[in-house]
Amino acid sequence: MRFETRHIRPIPPDERHGTARGLFFVWLGINMLPLTIVTGAVGTSVLGLPFGWAVAAIVAGNLVGGLGAALHAAQGPRLGIPQMLQARAQFGYHGGSILALIALLMFLGFFASNLVVAAQSFAEVVPGLSTDAGIAVCTAIALFVAVFGYDLVRKLMAIVSIVLGAVLIAALVLALGNPAAFAVHRELALTPAGFCAMVAIGAVWQLAYAPYVSDYSRYLPDKTGARPAFWATYSGLVLGTVLVMVLGALVGLTTEEGNAMGALGALLGGFGAVTLAAFGVASAVMNSSNIYSGVMCSLTVLEAAFSRARVTTGTRVGMTAVYALLAMAMALFGQHDFLVVFKDFVAVLLYVLVPWSAINLVDYFVLRKGHYAVSDMFARDGGRYGRWDPVGLSCYAVGLAVQVPFMITSVFTGPLAEPMGGVDIAWIVGFASSAGLYALGKRGERNRLPHDTVECDVQEQSS
């Protein structure tokens, strides 16, 4: 097991290791978290969907969103660099930092959210343990794993996926067999707005992994190829998420108070304590992925912003500690009214991620077909990608702007949302417009794109 030393640098061929099968278990386990249960509970508790329709929306959203995340994962073995560093190829050396900063905030939000629900799990099974203390304990566990780096994060995630998978299946069977799960004391109804909102939540849940995925697939040998990386990521993400969200939808039938983990424990009876403890430990471990990828984004921004900055092991460890403490503070102050706040966080996340995802996928698969000058992404002047890419940045801005009239959150509803029956299609409009405009804007560059990936000759910095 190796201590992380490459940080945001390309992974050399002789240090590549792992298999697509191992990647499958990483993404299978990463969604076996209390936060995934909370997300599934939104369908029945906040949106008021009947259980069957909530499940249908969960499956549909995850199947669609998983495609985007898996397509991003296919880029890792080819390029060997973190996902958001590759944004320099679409937005420029400095322009890419804007997207890395947005992703950094996303990782921070997910880390803090996971801390809240993990702490709630522990508080339900450990007498006298407050949620605040649970947040601190979970932060410490995730911090330790993330400081060690990729190898420990990956191996623990794979182990947890197998152990927690067995607990999850048992919990799902027990919950489905408990009549109390379906003894609903409020009116549930299928509405187009509610169904589409849950589809969008499922889709963004998967798309939210797009900024993570190459952080892990970059370690696979280049000979692994894009297809195995795609299918390992897609099947792991979708299967793990759907199983846990379905359990969450069941839990949502029995709670309107915001503490989904407490409702889960009550629903499972004697097995509830085992399940909550397992989910709490898993969340503390899996949350290390949010710190790890968040710090990769932080280092990407740091390197671009300061010409004398050196990305060393000490820099990464220090950044990891600061990042964890900041997320812990967010969790401590934002733990109340959690379900409603989290629903809005997911909605906003979808709006800001979709244009980047569209631009990246068009650039990689349609225009450049995987051929990049990786060394230029580390050049201070951006090499062939420049410091700022006006086409990429303007297409991203347009992708954000066209979504505004269709947006639906608790603090703002766009003027076109009501004529659409309350159905949130903003993310679809944003994806289509960003992808189309970027393809048109870059069409003149097709003949100037590299025919082969340029060998990366990036000078290594001392660790």
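Even glycines carry a Cβ here, placed using N, Cα and C.
Look at TrEMBL and you will find 24-44, 51-71, 91-117, 129-150, 156-176, 188-209, 229-251, 263-285, 321-342, 348-367, 388-408, 420-440 tagged as transmembrane segment.
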Residues from the same chain, set at least six apart from the ends of the transmembrane segment (156-176), whose C-beta lies under 8 A from its own: 22, 25-26, 28-30, 32, 145, 240, 243-244, 246-247, 250-251, 264, 267-269, 271, 274-275, 278-279, 281-282, 285-286, 288-289
Recorded stretches the transmembrane segment (420-440) and the transmembrane segment (229-251) touching, at least 3 CB pairs under 8 Å: no
Distal contacts, the transmembrane segment (388-408) - CB-CB under 8 A, six or more residues away: 90-95, 98-99, 197, 347, 351-352, 354-356, 358-359, 363, 414-417, 420, 422, 424-427, 429-431, 433-434, 437-438, 441-442
Two-stretch contact, the transmembrane segment (129-150) and the transmembrane segment (263-285), at least three Cβ pairs under 8 Å: yes
Considering the transmembrane segment (229-251), which listed stretch of 51-71, 91-117, 263-285, 348-367 counts the most C-beta pairs under 8 Å: 51-71
Which of 91-117, 263-285, 348-367 contacts the transmembrane segment (188-209) most, counting Cβ pairs under 8 Å: 348-367
